Amino acid sequence: MFDFLPSSLQVTLPILFKIVAIVLPLILIVAWLTFAERKIIGYMQGRIGPNRVGPRGWLQPIADTVKLLLKEIIIPASANRILFLLAPVLAIAPALAVWAVIPFDAHLVLADINAALLYILAIGSMSVYGIILAGWASNSKYAFLGAMRSAAQVVSYEIAMGFALVGVLIAGGSLNLGEIVQAQEGGFWHWFWLPLFPLFLIYFISGVAETNRLPFDVAEGESEIVAGFHVEYSGMAFALFFLAEYIEMILVSTLAALMFLGGWLSPFQGTVLEAIFEWVPGIVWLLIKTAIFLFFYLWFRATFPRYRYDQIMRLGWKVFIPITIVWLLVVGGARVAQLGPWFT
């Protein structure tokens with residue numbers, strides 16, 4: 001296809017096309033996820049939600065994007081200008097980089113590396129640097145306090161999340177995401193959610209805490225510290241933080257589907273319904289499972305009040321981490337005993 005180009009471009013262009021094919025849909029999904037969030041929470045609270053721009057409000061995300069693009073990026077006089085502008089980039093770059101190893105189907109992945117799970121844990125943890133930098137560079141006590149809260153929270157829940165994913169690693173016998181999904185073949189009852197149920201719950205709740213979403217959004221608690229680490233941000237600089245948060249939400253949901261719910265595998269494998277749904281592409285099953293987890297994100301926001309900071313820390317260190325360690329021992333024993341059908 002690119003034979004007429006220099007050899008260096010023949011390698012680079014296909015990779016760039018694949019990156020665009022992942023990043024562009026992600027940005028579009030984020031745009032309409034914000035619309036879905038406002039509508040769903042509106043219905044839960046007996047309201048209509050946005051309904052003015054376009055038919056039934058479906059063009060509201062476009063209006064929001066135009067508004068953010070036209071707004072001025074105001075830099076406080078006492079802020080560190082370079083670091084202030086660098087922080088949003090440092091927040092969104094890791095959130096996008098992680099998607100390089102996410103498989104959407106058996107052979108639909110940008111980089112099929114064997115240490116994909118390790119890569120996700122390493123790169124995913126780097127987004128906290130953007131948050132810390134934003135809090136420090138803003139030269140605001142509210143921003144700095146929000147950044148410190150966020151850093152402590154992310155580090156705390158990353159341990160529990162990492163231990164939960166180690167359980168999947170033991171069960172699947174691989175760090176490759178595709179191989180972990182293939183290890184769950186056999187239908188709904190063969191997926192890892194059943195033997196790893198406590199780790200499944202802890203992973204998802206830790207994911208909600210890591211993305212600073214309600215009820216764990218003390219890092220940007222409006223009633224306590226105005227708006228947290230991005231209190232001084234406006235325009236597209238603010239939009240990048242916003243984009244990073246929602247991309248991480250989608251990432252946590254997609255990983256939950258891959259690690260615990262069989263990824264792109266049909267839930268009807270091994271049943272009489274398997275032949276009926278055989279025509280459904282694997283990526284559709286993955287999108288449905290991801291959408292279910294995203295709905296839980298929105299449901300939590302509409303349902304639960306914000307936890308106190310000390311309650312969040314206690315939950316992470318004194319409840320989640322001990323449970324994950326105990327269950328890892330249980331999973332290790334089940335693996336040694338080759339308990340079927342998950343650990344054979």
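Glycine residues also receive a Cβ, built from the backbone N, Cα and C atoms like all the rest.
What Swiss-Prot records for 13-33 (among others) is transmembrane segment. Counting only same-chain residues 6+ beyond the ends of the transmembrane segment (13-33), those with a CB under 8 A from a CB of the stretch are 1-2, 5, 61-62, 64-65, 96, 99-100, 110, 243, 246-247, 249-250, 294.
Under the heading transmembrane segment, Swiss-Prot lists 82-102 (among others), citing sequence analysis as support.
Sequence-remote contacts of a segment are chain residues at least 6 beyond its ends whose Cβ falls under 8 Å from one of its Cβ atoms, and for the transmembrane segment (116-136) they are 80, 83-84, 86-95, 97-98, 100-101, 143-148, 150-151, 154-155, 158, 162, 165, 168-169, 175-177, 180, 219, 228-230, 233, 241, 244, 248, 251, 255. Annotated transmembrane segment per Swiss-Prot: 116-136 (among others), in sequence order, evidence recorded as sequence analysis.
Sequence annotations record features per position, and here Swiss-Prot assigns transmembrane segment to 161-181 (among others).
Taken from Swiss-Prot, the feature transmembrane segment applies to 188-208 (among others), supported by sequence analysis.
Annotation source Swiss-Prot lists transmembrane segment at 240-260 (among others). Same-chain residues lying 6 or more positions outside the transmembrane segment (240-260) and placing a CB less than 8 Å from one of its CB atoms are 26-27, 29-30, 33-34, 88-89, 91-92, 95-96, 98-99, 102-103, 120, 124, 127, 130, 134, 165, 168, 177, 180-181, 191-193, 196, 200, 203-204, 207-208, 210-213, 229-230, 233, 286, 289-294, 297.
The annotation transmembrane segment is assigned in Swiss-Prot to 280-300 (among others). Listed by sequence, the residues of this chain that lie at least six past the ends of the transmembrane segment (280-300) yet keep a Cβ under 8 A from its Cβ atoms are 33, 36-37, 40-41, 44, 104-106, 108, 204, 208, 213-215, 249-250, 252-254, 256-258, 261-267.
Under the heading transmembrane segment, Swiss-Prot lists 319-339 (among others), citing sequence analysis as support. Residues 157, 159-160, 163-164, 166-167, 170-171, 195-196, 198-199, 202, 205-206 of the same chain lie 6+ residues outside the transmembrane segment (319-339) yet bring a C-beta within less than 8 angstroms of a C-beta in it.
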